[in-house]
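What follows is a set of notes on a single structure, which appears directly below.
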Amino acid sequence: MTLHAYLGRAGTGKSTKMLTEIKQKMKADPLGDPIILIAPTQSTFQLEQAFVNDPELNGSLRTEVLHFERLSHRIFQEVGSYSEQKLSKAATEMMIYNIVQEQQKYLKLYQSQAKYYGFSEKLTEQIQDFKKYAVTPEHLEHFIADKNMQTRTKNKLEDIALIYREFEQRIQNEFITGEDSLQYFIDCMPKSEWLKRADIYIDGFHNFSTIEYLIIKGLIKYAKSVTIILTTDGNHDQFSLFRKPSEVLRHIEEIANELNISIERQYFNQLYRFNNQDLKHLEQEFDVLQINRVACQGHINILESATMREEINEIARRIIVDIRDKQLRYQDIAILYRDESYAYLFDSILPLYNIPYNIDTKRSMTHHPVMEMIRSLIEVIQSNWQVNPMLRLLKTDVLTASYLKSAYLVDLLENFVLERGIYGKRWLDDELFNVEHFSKMGRKAHKLTEDERNTFEQVVKLKKDVIDKILHFEKQMSQAETVKDFATAFYESMEYFELPNQLMTERDELDLNGNHEKAEEIDQIWNGLIQILDDLVLVFGDEPMSMERFLEVFDIGLEQLEFVMIPQTLDQVSIGTMDLAKVDNKQHVFLVGMNDGTMPQPVTASSLITDEEKKYFEQQANVELSPTSDILQMDEAFVCYIAMTRARQDVTFSYSLMGSSGDDKEISPFLNQIQSLFNQLEITNIPQYHEVNPLSLMQHAKQTKITLFEALRAWLYDEIVADSWLDAYQVIRDSDHLNQGLDYLMSALTFDNETVKLGETLSKDLYGKEINASVSRFEGYQQCPFKHYASHGLKLNERTKYELQNFDLGDIFHSVLKYISERINGDFKQLDLKKIRQLTNEALEEILPKVQFNLLNSSAYYRYLSRRIGAIVETTLSALKYQGTYSKFMPKHFETSFRRKPRTNDELIAQTLTTTQGIPINIRGQIDRIDTYTKNDTSFVNIIDYKSSEGSATLDLTKVYYGMQMQMMTYMDIVLQNKQRLGLTDIVKPGGLLYFHVHEPRIKFKSWSDIDEDKLEQDLIKKFKLSGLVNADQTVIDALDIRLEPKFTSDIVPVGLNKDGSLSKRGSQVADEATIYKFIQHNKENFIETASNIMDGHTEVAPLKYKQKLPCAFCSYQSVCHVDGMIDSKRYRTVDETINPIEAIQNININDEFGGEQ
């Protein structure tokens, strides 16, 4: 038994010496005693290639490259293995989760956390950590019993010890964990004759766990020889760069002392790896205190990018340069990263440059459609058929793959389900999914066409097929009692779904099309699923378990599944993390993401046991645990050192100034340290570099076209652009090989989001030969022509959801107030509190069930909202009573409809207008309330409009003037046209155009002492004060509020009097009768102008900006019009907001309709 240690800094030939030594032994005696090379898992393939690719060897029967676990299996093959079943990672996790749930009531600290999946994962990691460092439950229990400690720490350790002991008891004599198998391996070593003849080499490690040190001790004791290779200069200082490997050397020395053998050290001081002085100087001077600056020869580069995406694009371009100009192969290049955000960027950017690569990392299977289907299926059962997991299940397209356009059918089903509030067992109600119900989806009245009917029948059939599969699954699972029964039921359900055949067919198609990686994913998905089922049966067998617990445990197992992808080719760029990737002797290594916070990154304790608790336990129990965060923090420089010394020829460091979430980032302090080692090592700012060297952007044909587009766009905006881009454009344009897609890019240069004006025929096809429209439609056009085109031309509708919208609330208030008003004939002043409550309850019972398929009775929240609506109605009726008490105007008509041809005697006639093209304009709508007052054979009318939103309960005469607010003038015009149908006198004049805000007022007080019941009632009444415009006629003023007198301001209408009895300018919103008529006439002209523009085919993305606000903020069509302030601001429309609308309207002439031209 001999022990050798090869010690030296990076690149000094330690591993080369080891490989040479092994190869010499193999050549001398190919069938001699075994040679074992122990390396980390991620290094074994690379080392095997070193032997396979040697032309003098072409492989080996004598040498094996193994990691510790594989070595243990090799010994077990010789001496016999354990009788227990080995637990996989997933099986261990599932068992511990189940134990935690069973023992939850006995936990002291973690009782509330036990129900969360993440807790069992943390607990599993902690138990595995204890096993790696040979800490048993007995160690924990003795420590807890013997030591005085904080209550929280004691409770924590007791909880962990409880689960740990229970776990050990469960697996005793039946199962074995990976860590326990290594202990068994140690016990088997003395029996192995093969091991006694073996030469052992250990390379690629920088630290070991306690159990691994015990294995090394056994190897030293029983093998013929052991050689360990460590990257260290032998300095044992805890602040040394090589603290971590020097700690390993110290442990090896202790083992040697215990075994009473000496270590034959061989120091390697000569640098062999690096081909130039730059890399040699970087390695030698990285950790020195006194810096020796030398001139940089260009083999070290530091790149600064604005964003991470720009950073990886530049790395891709430089890889192409290495391949094309330096004749490197892809396998000569490596990229090392630390920030996980870069993994996504590699997948999205490198394929654009046709760069083959392999990322040495495991990806979770949880987001694969098959796995998402299974997990959603589980959640459907767990959640009692809630809508979200059901929709996720449908959208995976796994159970619906047999349907043509299945994604479209699922989208239609989703729309219907969200509109009708389908959840729970309502999914099983076939009546709810009657095809006729789909006709009303998003539309109040619509008859299905034959194509639509066929489509919706397919939707219903698809839904039924999926429901049948879920019901079969639920039935099979509900009949099971033991875990084995559940696993069997699950597998049989998958066969019932025909999932195995479906997956194998898809796998074969992918293989046939050359997509081998995706095909391999399907294989691994299915094998992983079967493995989890096998693990469940192995661990729990015939143990009784509830279906709920089984599905929880099963889901825990699925969480552990990961893809392990084999490289698809040998010649590819190696990508890995700086901490784990094993890339040696690459010609060029790129270290990306070299930012402060990433390199070095702050190390924080993430285990259940804190660093302080860990240190206390180590000191008091005389054991060693995994390194604490402060120790790991000291090793950050070593991580950087190892990463940057992997290259032979060139090292490129890069960093970005902005993170993936838009946060600012700083350069790594290690880069400042590296820069200080060299003269003339400047940081290259990528945008500035490309500005000076535009040709450096032209490395890949497809990406060059994209960059060319950006350059030409800058040129169009009169920015200075290098002539090289104009030359590049001509070359690409004239090359049949390169110009594919160029026309499309060029068309984007002049894109300004401009719509096409509709022709006369198309306008009539879209809008009809006459315009039948509400006032709001015209107001919508004034907001933005494209909004009108999208809503009434293309008839685009937002998806209706089973939730109360603002307009629903307004409809409810209108319906309730109409119901009550008709019951009392508009005489609000007769109401008392008891009558208000009675009528409110009656109205709500009648109206609420009709809202959104009885939405307001669907949940506790909506039932609470119903009560709130009732409270608002009661408060509103109290205000209406107050207003009716002091007004001579009487409410006479409620929710009165108007149209060109009334359907009943109660409806009003709307005069037809005509566009400039001769197309009729038929306006329709509904007036909330019409109040009347008659004196001396003259009738005065008030238009009252209920608004549930404060913002819309204001009459802005400037908006009225410009046609942005047309409602009130239109309603007054309709009433004045229908005096006979309303039963009014021959002479009818406007009274007021008023808004009533339906709401629940909030009164603010500075302190409790300010609260006075009388004042509170007054303040509440003021919150319901009508707003709008009132006829300045004295008869109207007197009738609106009978209390009006000098120095009095009404609290029910916008009218106030000065001391002399004149109208107050501050407290009054009034206009004379002629002015009101002029506004009405101008409103008609606005209708004609707007309708004419519609029929002219205007569809511009041209929102009307008013008071610095755009209607786009509340528009649902932004995803269609793509309005962009950078492109469309020149088309924003504005109006002169400084005008006095009452003065401006005086230029309008009034025709005979209002009593002669004025």
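Including glycine, each Cβ sits where the backbone N, Cα and C put it.
Note that the structure is predicted; figures quoted are calculated from it, not measured.
According to Swiss-Prot, the protein has these features:
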- 1-275: domain 'UvrD-like helicase ATP-binding' (DOMAIN)
- GLY8, ARG9, ALA10, GLY11, THR12, GLY13, LYS14, SER15: ATP binding site (BINDING)
- 269-583: domain 'UvrD-like helicase C-terminal' (DOMAIN)
- CYS784, CYS1112, CYS1115, CYS1121: [4Fe-4S] cluster binding site (BINDING)
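Sequence features annotated in Swiss-Prot and their locations in the structure.
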residue: GLY8; record: ATP binding site; contacts (Cβ under 8 Å, 6+ apart): LYS14, THR231, THR232, ASP233, TYR267, PHE268, ASN269
residue: ARG9; record: ATP binding site; contacts (Cβ under 8 Å, 6+ apart): THR231, THR232, ASP233, PHE242, PHE268, ASN269, LEU271, GLU283, GLN284
residue: ALA10; record: ATP binding site; contacts (Cβ under 8 Å, 6+ apart): THR231, ARG273, GLU283, TYR641, ILE642, THR645
residue: THR12; record: ATP binding site; contacts (Cβ under 8 Å, 6+ apart): PHE268, ASN269, GLN270, LEU271, TYR272, ARG273
residue: GLY13; record: ATP binding site; contacts (Cβ under 8 Å, 6+ apart): PHE268, GLN270, TYR272, ARG273
residue: SER15; record: ATP binding site; contacts (Cβ under 8 Å, 6+ apart): ASP203, ILE229, ASP584
residue: CYS1112; record: [4Fe-4S] cluster binding site; contacts (Cβ under 8 Å, 6+ apart): CYS784, PRO1103, GLN1118, VAL1123
residue: CYS1115; record: [4Fe-4S] cluster binding site; contacts (Cβ under 8 Å, 6+ apart): GLN783, CYS784, LYS787, PRO1103
residue: CYS1121; record: [4Fe-4S] cluster binding site; contacts (Cβ under 8 Å, 6+ apart): ASN753, CYS784, PHE786, LYS787, ALA790, VAL1101
LYS14 (ATP binding site), Cβ-centred 10 Å count of other Cβ atoms over all protein chains shown, is 23
To see if you understand the setup: which same-chain residues, six or more apart in sequence, place their Cβ under 8 Å from that of GLY11 (ATP binding site)? LEU271, TYR272, ARG273, PHE274, LEU279, GLU283, THR645
All chains considered, the count of other Cβ atoms within 10 Å of the Cβ of CYS784 ([4Fe-4S] cluster binding site) is 26
For GLY8 (ATP binding site): DSSP state (helix, strand, coil): strand
An 8 Å radius from the center of the GLY8, ARG9, ALA10, GLY11, THR12, GLY13, LYS14, SER15 Cβ atoms defines the neighbourhood of the ATP site; name the other residues of that chain inside it, in order. THR231, PHE268, LEU271, TYR272, ARG273
For the domain 'UvrD-like helicase C-terminal' (269-583), mean pLDDT (0 to 100): 89
CYS1115 ([4Fe-4S] cluster binding site), DSSP three-state class -> coil
Within 8 Å of the Cβ centroid of the [4Fe-4S] cluster site residues CYS784, CYS1112, CYS1115, CYS1121, which other residues of the same chain have their Cβ? GLN783, PHE786, LYS787, VAL1101, PRO1103, LEU1110, PRO1111, TYR1117, GLN1118, VAL1123
